[in-house]
Ligand SMILES: NC(=O)C1=CN([C@@H]2O[C@H](COP(=O)(O)OP(=O)(O)OC[C@H]3O[C@@H](n4cnc5c(N)ncnc54)[C@H](OP(=O)(O)O)[C@@H]3O)[C@@H](O)[C@H]2O)C=CC1
Ligand SMILES: CC(=O)[C@@H](O)[C@H](O)COP(=O)(O)O
Ligand SMILES: [Mn+2]
């Protein structure tokens, strides 16, 4: 009898919401997985605790000073198993480390693009939570997956649901599979029932209080503006080779149906479950097998009812802006993403109102020409240009 050795897993963004849920699933299956590497940007105490608890071979943190601090803390605890490094180059290098089998891409925002691509280029099994990476570089990203022979598994709950509802081999066009549409569910966020006039008074704490999911601040605000659904629409187009017209957004306030696939014979297949990211994470880790994720069985009698309604793009214009950016193509989605990141940070810092987020994104898209997104240099350059433009718009608004 041969006993296979545990898969080595690197978790990029290990201190975040997805990172912690990933570690929770890994802890349930020590015979199947070993934690190989962990990364964080600033959370040095949390990263130290992870190193002490898990003894990963490698750890990366944002700054050299924090790496120095981490080495000293680990040394003082007599822990020598973890090699500590710092900075973006170290992060990229660890993401593509030949010793790892699986990479969880769970850094938030554009900062995840180069490390996630490094994992793809190294041909890993890549568990993609960092949707912004795909939104920014969709065509190049998918080409890299094919060229490197990487296995790309969507972790975003909706895309994971769609993946589960498609036939196992689904590359090469939806029509060929008899798929007529992808139904992307949206909770509608905390302000689903609010009047437009009240949205001007929304606070960061209210925007971060998602009705169903516990997540990081940035994605929580994106859910509240429906930009999250816009980013997910673009993500779905790249992952499943769909046109924006083939992706229908359906507001489903209970977040129990995680998304659906409509077939040409009238069938609609759905994936349901409690709103807990450990389900898609466990799916990605074990695919094509299934493992325990620690998630309670869905109790349909407690859920009671499932509601569906169309999204309101008047009150929540970010969804329309994302659709427009995808239709414009080229660098427009990267510009949309960068402007949104700047605007969300400004909102969280109290520099911009909640409705101001969509206004800054719209004005940035309007201000910048669309270029062909045919190299990473072009994408990174337009990302930087969009950030400068959005920041200048913020200054004008406050001036
Ligand atoms: N949370 C969720 O349920 C879901 C999340 N996603 C996606 O997953 C990704 C992660 O989300 P979430 O876990 O909520 O985010 P969090 O904010 O909770 O965590 C982000 C992680 O990324 C690290 N990080 C932040 N900035 C940088 C940077 N500049 N360079 C390197 N690392 C950095 C953080 O480190 P530090 O702690 O040091 O700041 C942290 O480990 C996002 O793209 C999100 O859209 C998708 C579906 C669901
Ligand atoms: C858990 C997950 O995948 C999030 O992206 C979630 O979907 C956010 O909820 P919204 O549907 O409110 O955007
Ligand atoms: Mn999602």
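Heads up, the Cβ atoms here are built off N, Cα and C, so glycines get one too.
Record check, TrEMBL: NADPH site residues include 15, 16, 17, 18, 42, 130, 132, and the candidate from 216, 230, 262 also listed there is 216. Together with 156, 158, TrEMBL lists one candidate of 83, 88, 93, 232 for binding Mn(2+), that being 232. Note on residue 216 (NADPH binding site): other Cβ atoms within 10 Å of its Cβ, all shown chains, come to 17. Summarised by DSSP class, the composition of the domain 'DXP reductoisomerase C-terminal' (272-388) is 68 helix, 2 strand, 47 coil. Excluding 131, 157, 158, 187, 210, 223, 228, 229, 232 themselves, the residues of that chain whose CB lies within 8 A of the CB mean position for the 1-deoxy-D-xylulose 5-phosphate site are, in sequence, 156, 186, 213, 219, 222. The DSSP breakdown of the domain '1-deoxy-D-xylulose 5-phosphate reductoisomerase C-terminal' (152-240), given as helix, strand and coil counts, is 44 helix, 11 strand, 34 coil.
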